Each structure stands twice: as structure tokens, then as C-alpha cells.
Amino acid sequence: MSVPIVRTVFDLRRIVAEWRAAGEKIAVVPTMGALHDGHLSLVRAALTGADRVIVTLFVNPKQFNSAADLAAYPRTEVEDAAKLAPLGADLLFCPDGDEMYPAGFATTISITGVTEGLCGAQRPGHFDGVATVVAKLFLQTQADLAYFGEKDFQQLHVVKRLAADLNIPIDVIGCPTIREENGLAMSSRNMRLSDTERKTAIVLAATLMESATRIAVGAPVEVTLSEARDRILSAGFQSVEYLELRAEDDLAPLSDLERNGRLLVAAQLGETRLIDNVQVPFQGG
Ligand code: AMP
């Protein structure tokens, strides 16, 4: 069993047209490859929601801030295709850079509000790159449903805003973060961690979860976050780019837990930048 690989928008559209003519519901799962169980959970969810599932694999240069980060990003197309085949994904769309951004390409989609702060502040242009490529993937695949991970919580908000604002007829569905047994959120970037860094990385998720529990039962936000920051740094992280409590529904900054929140973090460990987030449930009335 193998998954058909398509590399051009022309071929993709031909296949999608047949599916649509047959009245089939189509889902898309956009990825940058180096697939792990987090990605595969999105594919499984998509398979339950649609008749056809397109997985896209494109390491999008427009969403990287540094050439070194882009060059170091893992590329494992053969292994990725092998992981998808047994799940029953219908198609793997792997365009190259020229197919996505041919000579003369000049459009950028820029979203305000939900892109401000957090990763948006730390990675200028990142969400423009995400929004532009995701808009293209939505239009190329003409999917009815799109599955994204809560692991990239701000990105999920950005993509929902994009679809709503541009009237793209697609339902954006968020899926829970898949973690290793030790709590570390799965990420293609984890491949780059040394054995020692992996042990240190566990502290990020553990601290996040513990802080979320404390805030949920009424601990003061600022003090809790300051202690969490110290703990992450003393574990061996070089820096904590941000550690913030935001509202779950619109990402507004929260100084008190007055509705459901999300605690979001980005921290640098050696050469690797890790992000994570957890829910902080509002229990008051
Ligand atoms: P990426 O390949 O990192 O661009 O991610 C592709 C999709 O997989 C995005 O929607 C991510 O949010 C999602 N994803 C990445 N890691 C995880 C995870 N650990 N659990 C659930 N979804 C994830």
C-alpha cells in the first residue's frame, strides 16, 4: 500500500475535480513533513470527518525567519509517505518552491489582531508566511475541512481568522496536542535535541502544566508565571521568549483568569526553539 504523491497544482486539481464530481467531502492536513504522531493524529481525525484526505508537505520558506533554521529543518519525504500509507490518506501533495511561488509571485496575506504578540512578536513576518501559504493550500485543494493542531495555538487562531475574513468555504478544526509519555509536546524540531536537551525539555511541559493547575485554582498569575520562568531557566533553557496567559477564545492578554485561558510559552534550548501551550480552565462563576 502506498499513498499517491502529487507535485503540481494542475494534477491536484484534476484529482480533486473527480472527487468533487462524485460528491465526496474533502479534508486537508497541512504539514511541513518530518511526520510524527501529532501529525498522524490530525490525519486520523480528518479520515473520520471526510471521504478524502489530502496531506500537504511543504517546508514553506516564507514562514522562516532565519535561513539557517530553514536549511536545518528536517526533510524526510520517503519516511513521511510510508507513515501515511497504512492510515489510508488519499493523497500527499508535495509541491516544490517554484510550484508554490513561481517567478513573479507578489502576494502576501497579512492578518492583524491575533498575530500580535507571542510568536508574532518574536518572529516578524512568520504569520504572513503562514497565512499566505495556507490560503494557497485551501484554494488549491478546495477542501471542505482543514485540520490543525492546538500545539500551534496562535497559528490555529490565525488560520481561523484567515478563512473567516476571506470567506474561504472551509471548516477549520483544532485538534489536541499529542505528547510523548514524559509530557513533551511532539514536534519535528525535537529531532534536533541531544539526549541531555531532551531531559531538560521535559521541564517546559511539566512547568506549564503545573502553573496552569495553580492558576486554575486561584494562584496569582504574575507570581506564578515569574516562578515558572525561573524554573525553566534554571533547568537549562537559554531564554524564555514569552510565557503568557491569554484568553482561549480570542487570545486577549489576561492578568486574571476571568474566562477560559491558555498558558503559552516559547523557550530556547540550545539551537532549538520550543513552543507549547495548555488550557487553564476557568472554574469560577
Ligand atoms: P508542522 O509540520 O509543524 O507545520 O505542523 C503541521 C500541523 O501539525 C500543524 O497544524 C501543527 O499544529 C500540527 N502539530 C504539530 N505538532 C503537533 C502535536 N504534537 N500534536 C498535535 N498537532 C501537532
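Placement of Cβ uses the backbone N, Cα and C atoms for every residue, glycine included.
The following features are taken from TrEMBL:
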ACT_SITE  His39  active site, proton donor
BINDING   32-39, 149-152, Ile178, 186-189  ATP binding site
BINDING   Gln63, Gln155  (R)-pantoate binding site
BINDING   Gln63  beta-alanine binding site
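Features as recorded by TrEMBL, highlighted on the structure.
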| residue | record | DSSP class |
| --- | --- | --- |
| Met32 | ATP binding site | coil |
| Gly38 | ATP binding site | helix |
| Gln63 | (R)-pantoate binding site | helix |
| Glu150 | ATP binding site | helix |
| Gln155 | (R)-pantoate binding site | helix |
| Ile178 | ATP binding site | coil |
| Ser188 | ATP binding site | helix |
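Each of the binding-site residues Met32, Leu35 was scored by other CB atoms within 10 A of its CB, and the lowest score goes to Met32. Looking only at other Cβ atoms within 10 Å, the busiest spot among the binding-site residues Gln63, Gln155, Ser188 turns out to be Gln155.
Candidate recorded positions: His39, Gln63, Gln155. Nearest to Ser188 (ATP binding site) by Cα distance: His39. Taking a C-beta cut-off of under 8 Å and a sequence gap of six or more, Ile178 (ATP binding site) has these contacts in its own chain: His36, Asp37, Gly38, Ser41, Gly149, Lys151, Ala185, Met186. Here Leu35 (ATP binding site) is positioned 18 angstrom away from Gln155 ((R)-pantoate binding site), judged by their C-alpha atoms. Around His39 (active site, proton donor), the C-beta neighbours below 8 angstroms that are at least 6 residues distant in the chain are Val29, Thr31, Val55, Gly149.
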